[in-house]
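K.L.:
This structure is in C-alpha cells; I'll ask about it shortly.
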Amino acid sequence: MKNISILGSTGSIGKQTLEIAREHPEKYKIVGLAVMNNIDELELQIEEFQPKLVTVFDEAKAKILASRIASKIKVYYGVEGLIEVASHQDNHMVINSVVGSIGVLPTIAAIKNKIDIGLANKETLVAAGKLVLEECKKNNVSIIPVDSEHSAIFQCIQGETDENIAKIILTASGGPFRNWSYQDIENAAAKEALKHPNWSMGKKISIDSATLMNKGLEVIEARWLFGIDVEKIEVVIHPQSVIHSMVETIDASIIGQLGVPDMKLPIQYALSYPKRIKGKVKKLDFKRYNTLTFEEPDFVRFPCLELAYAAMKIGGTMPCVLNTANEVLVDYYLKDKIKFYDIAKYIEKIMGAHNAFHYNNVEELLALEEWVKSWLLDELR
Ligand SMILES: NC(=O)C1=CN([C@@H]2O[C@H](COP(=O)(O)OP(=O)(O)OC[C@H]3O[C@@H](n4cnc5c(N)ncnc54)[C@H](OP(=O)(O)O)[C@@H]3O)[C@@H](O)[C@H]2O)C=CC1
Ligand SMILES: CC(=O)[C@@H](O)[C@H](O)COP(=O)(O)O
Ligand SMILES: [Mn+2]
C-alpha cells in the first residue's frame, strides 16, 4: 500500500489522481488533501477517502469546513497547513498539483521529511529548481514527473546513462492560437485563450499554453529534472499531442513516448513507478491519429517562449522573476485587465529591471516575489 497526499485535490490533476486511487484502493491510501477554498468538493472527498488531515488555504473557509465535519479530522489552513499535509509522517509520496510557486514550501517540507514527490506543479522548479534539487540530493528523495512531457522523457530515459542523451525534444500543441494572426491574438479575449485544442486543464495552465509560456516553463522544468543544459532542450510544435516528448541519443536515435492526450497515464506512472499497472487509459488508435505533424515554434507571435529560454540562460533568480510576473499577469489577463501581449511585454520589462543573483535560500525568493508583485502593481496602476 502506498500512502499519498494530494496538494490541489479539487483541481484537474488532483481529481484525476483521486480517480486512480478510487480505481486501485488496494494500492493507494489517501493521507492528506489540500485545497484553496473549494470546501464543498473537499467535504465529499473527505467522506469518500477518509484522509487523516486536510487543509484549506483560505482560513475562513477552513473554519467553516471544521465546523461542518465536527472535528472528525484535523483541518489546517494557510501555508502552514500545506506544510503539515506535505510533511505528514505517513506519506510515502506527495502529489503536488497546486497552481503556482506556492508549491515551493510544501515541496521542500516533504523532501526534508524524506517523502518522494509526484510533481505536476512545474512552477516549483521554475522558481526554486536549484534549492529543490539540492534538498532532494541531501535527503535522497526522488521527484517523479507528472507533467506529460517530463513523464514521457522520464519513461524514454529509463536504462539510459546521462552521457547517452544528446538532446531533449519537448512537444507543444501550439495552443488555441497556433494558426491565428498576430493581430487576432493581440485582441483575443481570455475565453478564447482558455479553449485548449487537446487538453482540459485549469485556467492558469490553459493561458500558459496559449502564450507558449507553458512550454517555456517546461524547458526550465526539464533542465532541473534531467540535469541537462538548456541549449540541449528543443521545442517542436506537434498539434496532435500524441508524441508526449522525445529524447535524441548520441547515436542519433530518437526515443519517444506516445499515447492519447490523457493525464491519467503520467499521473498513474508517477504513482506506480517503477512498476506499471493497468488502468482506464484509452489505447492509441493509429487509424484515428493517422497524421502526426511537426512545426517550428513562432517566437514572434509567441514571445513568452523566448523569454523563458532567456531567463534560464541568465539563471539565478531570473526564472523566479519570470515565473512570478507570469502568475500575476495571467491573473490580470483572466480578469480582462490587460491584453494578451501585455503578458510578454511586462515580463520582458521586469526582467530588464532585475539584476539576477545566485540565491541560497527560500527567503530570498519569497522577498523577490514580493518585489515583483509590487513592481507590477506600480507599473499597471
Ligand atoms: N491540468 C493538467 O492537465 C496539467 C497541469 N499541470 C500543472 O499542475 C498544476 C495544477 O494544474 P491544474 O490541476 O490544471 O490546476 P487547477 O486550477 O485545475 O487546480 C488547482 C488546484 O490547486 C488548489 N490550490 C490552488 N492554490 C492553492 C493553495 N494556495 N493552497 C492549496 N490549494 C491550492 C485548487 O483548490 P480550489 O479548487 O479550492 O481552488 C485546486 O485544487 C499546475 O502547476 C499546472 O501547471 C501540469 C501538466 C498538466
Ligand atoms: C498535459 C500537459 O502536460 C500540459 O502541460 C500540456 O502539455 C499543455 O499543452 P501545450 O503543449 O499546449 O502546452
Ligand atoms: Mn505539460
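Cβ from N, Cα, C; glycine included.
A TrEMBL annotation is a machine prediction, not a hand-curated record.
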K.L.:
Taking Gly175, Gly202, Gly216 as the options, which does TrEMBL list with Thr10, Gly11, Ser12, Ile13, Asn38, Asn121, Glu123 at the NADPH site?
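P.N.:
For the NADPH site that includes Thr10, Gly11, Ser12, Ile13, Asn38, Asn121, Glu123, TrEMBL also lists Gly202.
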K.L.:
According to TrEMBL, Asp147, Glu149 bind Mn(2+); identify which of Glu80, Glu218, Glu231 is listed for that same site.
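P.N.:
Answer, per TrEMBL (Mn(2+) site with Asp147, Glu149), from Glu80, Glu218, Glu231: Glu218.
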K.L.:
Since TrEMBL lists Lys122, Ser148, Glu149, His196, Ser209, Asn214, Lys215, Glu218 for 1-deoxy-D-xylulose 5-phosphate, which candidate among Ser87, Ser97, Ser173 does it give for that site as well?
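P.N.:
For the 1-deoxy-D-xylulose 5-phosphate site that includes Lys122, Ser148, Glu149, His196, Ser209, Asn214, Lys215, Glu218, TrEMBL also lists Ser173.
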K.L.:
Taking helix as H, G and I and strand as E and B in DSSP, count the residues of the domain '1-deoxy-D-xylulose 5-phosphate reductoisomerase N-terminal' (4-129) in helix, strand and coil.
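P.N.:
Taking each residue of the domain '1-deoxy-D-xylulose 5-phosphate reductoisomerase N-terminal' (4-129) in turn, the totals are 61 helix, 28 strand, 37 coil.
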K.L.:
According to DSSP, which kind of secondary structure is Asp147 (Mn(2+) binding site) found in, if we only use helix, strand and coil?
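P.N.:
Going by the DSSP assignment, Asp147 (Mn(2+) binding site) belongs to neither helix nor strand, so it counts as coil.
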K.L.:
Within its own chain, what residues at least 6 apart in sequence put their Cβ under 8 Å from the Cβ of Glu218 (1-deoxy-D-xylulose 5-phosphate binding site), listed in sequence order?
P.N.:
Lys122, Asp147, Glu149, His150, Leu170
K.L.:
Return one of helix, strand or coil for His196 (1-deoxy-D-xylulose 5-phosphate binding site), based on DSSP.
P.N.:
coil
K.L.:
Rounded to the nearest Å, what's the C-alpha distance separating Thr10 (NADPH binding site) and Asn214 (1-deoxy-D-xylulose 5-phosphate binding site)? Just drop the number here, would you?
P.N.:
21
K.L.:
Name, in the order they occur in the sequence, the residues of the same chain whose CB lies under 8 A from the CB of Ile13 (NADPH binding site) and which sit 6 or more residues away.
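P.N.:
When sequence neighbours closer than 6 are ignored, Ile13 (NADPH binding site) has Ile95, Ser97, Ala120, Val146, Met263, Ile267 within Cβ distance under 8 Å.
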